[in-house]
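What follows is a set of notes on a single structure, which appears directly below.
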Amino acid sequence: MEQLLVHCANAIETNDATLAQQILWVLNNIAPPDGDSGQRLTCGFLRALISRATRIGSCKLLPDVAVFIPNHKFSITELAGFVDLTPWHRFGFTAANAAVMEAVEGRSVVHIVDLSLTHCMQIPTLIDSFSTRPEGPPFLKLTVAGATEDFPPMLDLSYEDLGAKLINFARSRNVAMEFRVVPSSSSDGFSSLIDHLKITGAGGSNSEALIVNCQMLLHYIPDLQTLGASSPRSAFLKAVRGLNPCTVLLVDEDADFTSENLVARLRSAYNYLWIPYDTVETFLPRESRQRQWYEADMCWKIENVVAQEGPQRVERLEPKGKWVQRMRGAGFRGAGFSEEAVAEVKSMLDEHAAGWGMKREEQDLVLTWKGHNVVFATAWLPA
């Protein structure tokens, strides 16, 4: 199926409408949207190729497969359940929270800048940990980027309402908390957030520990480098270094979707995105609403990688090695994770299917599915 998708992509790119149409019909017959995990994955790519072909006028639309399922807007409860389905997000949450607790030991004020794709879903567990801290809980400041774009998973709640719920939860745990939303966009490297943090002197006092927590959101910052300027990603990391944070946590998906070549990008995406389809196959029935929501979000990702170009193509994952280079270039050094943090991650993985695993790569942790790299977690200190 991968080869057929590659041949189809080549036909679309060379404007061979006849061949593209023939392959699309073959794929349509062998990759039903309700088939096995490989067929559903291929169907997602088929829809994306049709979307691309329609956009550039390569061939006629196939109306029966060209419609994407709309992305679900989650309630808080639904999103919490969604995140708990697999370790995809919990892995980074668990590793980061353990590192945060160690980094802020003895500090009376903890300021977390949360750049997270999952709308602060990591924070309640961290509040629980702070509430039982031997020296007593710190005063918690939480600053989030009120993103101007919508990336899945999407929330049906304003960030102001989300903040109110988090403050109430923290109060129930005897943790004093302040919540601030700064409207900011990944498209310009969260520049308004960085400006806000500079103006307010974030991390400027000895009592305040500044933590920058980046969970699967930085790959939405453009990776394109203009002549004579550093890439927006590297510029963002250098700006974060200028804030002199106590610790930076960087967690993301370990794949490369940055190629300007469609076929190379399609291959990379196909050989990575089989994993989420395979994982849900093991424990969610086909009629499950959670599975439909999960796979709709995967289809959004596939469509963005394959059908979009330029500023609209925002799914630009980079592998761990590239982010390590960027962090070192921005003036950070790897901090690694303690044995206690590793033990917490392993304990969390025990709650999930046997195919999930974890390995250490130098100072970093990598989540695996059946031996394949899925998500990496890294911790950094100013060099």
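Just so it is clear, glycine is given a Cβ too, placed from its N, Cα and C backbone atoms.
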**Request:** Look up motif 'VHIID' in TrEMBL and report which of 110-114, 245-249, 340-344 it refers to.
**Result:** 110-114
**Prompt:** According to TrEMBL, which listed range is region 'Leucine repeat II (LRII)': 29-61, 161-193?
**Reply:** 161-193
**Request:** With a Cβ cut-off under 8 Å, give me the same-chain residues at least six positions beyond the ends of the motif 'VHIID' (110-114) that come close to it.
**Result:** 100, 104, 120, 122-123, 126, 130, 138-144, 193, 197, 202-203, 208-213, 215, 245
**Message:** So if I exclude everything within five residues of the ends of the region 'Leucine repeat II (LRII)' (161-193), which remaining residues of that chain have a CB under 8 angstroms from its CBs? That is, six or more out.
**Reply:** 76, 113, 115, 119-120, 123-124, 127-128, 130-131, 137-149, 155, 217-218, 220-222, 232-233, 235-236, 239, 311, 314
